[in-house]
Amino acid sequence: MKSIITEYINEDKRYQELNEVFGKENVLVTGLSGAAKATIIAEKYLNSEQQLLVVTNNLYQADKLESDLLQFVEDSEIYKYPMQDIMTEEFSTQSPQFMSERVRTLTALAQEERGLFIVPLNGLKKWLTPVDMWKSHQLTLNVGDDIDIDEFLNKLVNMGYRRESVVSHIGEFSLRGGIVDIYPLIGKPVRIEFFDTEVDSIRDFDVESQRSEGNIEHVDITTASDYIITEDVLKHTKHKLKQAYEDTRPKIEKSVRNELKETYESFQLFEAEMFDHQVLRRLVAFMYEQPATIMDYFKEDAIIAVDEYNRIKETETTLVTEIDEFMQNLIESGKGFIDQSFLQYEGFENLLKPFAVTYFTLFTATMPVQLNEIIKFSCKPVQQFYGQYDIMRSEFQRFIQNDYTIVVLAETETKKERIQSMLNEMHIPTFIDTPSRRNEGGSAIITEGSLSEGFELPYMQLVVVTERELFKSKQKKKPKQHKTLTNAEKIKSYQDLKVGDYVVHVHHGVGRYLGVETLEVGGVHKDYIKLQYKGTDQLFVPVDQMDQVQKYVASEDKSPKLNKLGGTEWKKTKAKVQQSVEDMADELIELYKAREMSVGYKFGPDTAEQNDFEIDFPYELTPDQSKSIEEIKQDMEIERPMDRLLCGDVGYGKTEVAVRAAFKAVMEGKQVAFLVPTTILAQQHYETLIERMQDFPIEVQLISRFRTTKEVKETKEGLKSGFVDIVVGTHKLLGKDIQYKDLGLLIVDEEQRFGVRHKERIKSLKNNVDVLTLTATPIPRTLHMSMLGVRDLSVIETPPENRFPVQTYVLEQNTNFIKEALERELSRDGQVFYLYNKVQSIYEKREQLQMLMPDANIGVAHGQMNERDLEETMLSFINHEYDIIVTTTIIETGVDVPNANTLIIEDADRFGLSQLYQLRGRVGRSSRIGYAYFLHPTNKVLSETAEDRLQAIKEFTELGSGFKIAMRDLNIRGAGNLLGKQQHGFIDSVGFDLYSQMLEEAVNEKRGIKAEKQDAPEIEIELNIDAYLPAEYIPNEQSKIEIYKKLRKIESETQLMDVKDELIDRFNDYPIEVERLLEMMEIKVHALHAGVTLIKDVGKQVEVYLSEKGTTDINGETLFKQTQPLGRTMKVGVQEGKMKVTLNKTGNWLDSLKFLTKSLEESMVITDEI
């Protein structure tokens, strides 16, 4: 992956001199800054065959370095060992992203692979599993291997995998019959099928559908944790822990000895089958006879580079002090033990002693070792031009006069062309991509790429310029291909029922789901869904009627009242809701008609300026953004006024879509009003528009409290005269005193946050102006159906490419953690949201934090402040006048502070899932990694739902996947916003799904649209045979319900075959009860196509009844021929004008019934409908 830059560097004498000693002797290299240093390191790696390690000060520096190295080295060869501060990593439940990267790195090292390894100081000093033990737990399975299954499953547990009944998350495995499913930390989920002890087949499978996707010949299974814990390790840990407990007990206050005993006993309880790696990792110091560090994993000839030695040394001193304090606190509070360390205490340079080390520092500094050589480079930063044409031209001409080669990095082909035409106008000799031939100096080469900054190497006569210097755009992070978590943790349908969930039975009302039970009725076994109603009432619903039962979903965490079986209460409730839904449908139909009649302005196709404007956008659009822009432009180009809702998660790029629509309107001489709910948002949107429109003659103005009376007056005059093209503002824009010369587009941000009066004004504008509404609250898809034609909808569900998943930690509240998280964010010049949801003591909380962080500026924001103070506080935070803001949930919506990338939430267990998700959306909104710490009180036993909630938010670190979880809670909120507050009560009384269904039916009925066929026509099959899914075959109730649902929907033999394949694929060969169930389904398929309505078992016979239509469509002659093999066991008659076929139950009568129903199907006269 050679690049033009490294070609130039490779020919340089200074570099060649360094190359000679790099990795062979102790060397000091000075003078190189960020990107230039990365270039030198990359070139060394590309010119050698060895492993190369770079030690950085912290994870932030490691990330920066990685971004630059990706420009030169294939991403498959770069390995980062991401370590946060050690205590947070060891004491919290955390998201799997970092863990998978660490495991990938250790595995590559254990297999002695060549690579470029980046390790922050914390990772270098951390205690690890001994190398040999790690190597012995890397599993490779091939088809045909003979293995001891028990030993294999034990190894998985040692490696950190958890045994579950169904595999749905990373780090889980399950055993069903002879099938083992595993979801490794790296790679796809795999299904291994055994024939006795032989590996019969290995298949990839999809966790969402649980179906296999294709056969593979072998699979490598990496560990699911960065520690291996075998039974021997567990014994050794308990033994060492006992010693540590006995050493610690006499040295602490008597008052906390009980606490220490509890801590000790909770660890001693762990058994090999059920221990939790996440908890036991705290005892790493007691685990191994000889713990390793990452340096033990490197080959002897590895090349070592240290980035800014003095800075690392400083960090190390602080780190050791902090950990000492932290451990002291733990010991004094009875939560920790003497000698319970997490890292190697000696200076980090001792770990590097066996190797020759190259130290990079910007300035000359004293080193801890005897240096063999000092090599000085001279490197200058490139001036920031930020689009200032004249400065750029004079600087570029200086380079040309001095015979420099200028390498300009552009991130896309379009940008390359744009930069080329710009340089041509400056008369600079320009080439595009000439990697192989060395140009003479005095010219520019434009090539695709991206670095964090440009640099000038005067003695090489080389300068590298990036888009950052040219246009102020940020470096786009190259996505790394080996991230395995993309869409891996998709949420299963929210309809998954768990015992104890509330459900709605269409005819009986709200009950509670108690599970699936197999009952014997009249000597026959069948599965039933058991529901609890008011008092002791219970209802058993046969699984073939399960479509009448839906999960109850309503406002978050709200428990409904159970209905009484057989009472009138449910009927009354449904009647009320029906009436409300009818009225709602009338209103929607009226809106639809009015909209179809109204006439607006028809915009023309895109102009050349539009194209230029769109090319200027520094990032790639996501597919959803492109689609939304396309839909909006199509709306604008027709006569009917646009009324489109653009729905997308926080920070997913809705603003850019709106800005492009605004530009299109202005290009045709129309004015645009951008209406937002708060002054701060107005300010932020205004700044975005100013920045995006700066190269075009477009007048953007703002009307808000932050403007003087004179400025507001001038803006109003400008709107009236047509001088102002775009105005941004709060509800003031809707005032009667605002007159537009020619308003063509109204953009409304978060319409639901405006009052009734303002909404009415917006509605009146909709009659002849194009309206685009933006919202971050997901709107339920079920409601899209009923709203169809009333309002158009665009959805952005994919995140922008260079946003990282927010690293999420769930941990007990602890002052040390908090201090550390604050210090780390402030040390990278970032800001922190500290969420404390108790207004009465919020100022005390600020004082506590001020004592922890005396040098930080800390602000407070809460909903009881007056609006002006609140806005000014938030604005100060946005402008970085505060480092930390202690706030209530008021930050949940709308404020965009890209520089705030740490969120700490106290008492996170008290929040609902959607709230936690939306709050977490406040951070990780730039190209930096965001961190969210969800704290819960120490010693508090979390309720099961709180635990589930925190677990869910932790697992769904993948961007946009939280959108899927929160969908449930937010949908209801969205439904209320869309349909009006008064509908909320009705949604809660019957549950969200039944409400949506009723509304859709009402709207369709009024529009004369026939409801689509939801399920197969009902055929009653009553046969006295055991036909069900036994618990021994499918132990997991959720999986059982899922299969029953699929069986209910079967309408063809192909679908039946598909379910048969799935059963064998997931659960292995099926028993006789399942075989009979599938035979009944086959009978149902044939009967369905033959117009059969009922198949009934009556003693020694089975009766088959046809519908009137089925009777008339049967060709009697064909049927007679087809059924001859059945002979006298079959009789055909007619009852009330409908055919009735009687079959004697002799021999294998179930096969005869299959044959009969198939013959009936084949004897049908083909008509258009069944």
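Cβ from N, Cα, C; glycine included.
Feature motif 'DEEQ box', per Swiss-Prot, maps to range 749-752 of the set 93-96, 749-752, 937-940, 1037-1040. Its Cβ placed at the centre, K654 (ATP binding site) has 23 other Cβ atoms within 10 Å. Listed in sequence order, D624, S628, K654, L774, A776, V795, I796, E797 are the same-chain residues six or more apart from G648 (ATP binding site) with CB atoms under 8 A from its CB. For the motif 'DEEQ box' (749-752), the DSSP-based tally of helix, strand and coil residues reads 2 helix, 1 strand, 1 coil. Sequence-distant neighbours of T655 (ATP binding site): residues of the same chain at least 6 apart with a C-beta under 8 Å from its C-beta are H685, T688, L774.
Secondary structure from DSSP puts T655 (ATP binding site) in a helix. In the three-state DSSP assignment, the secondary structure recorded for G648 (ATP binding site) is strand.
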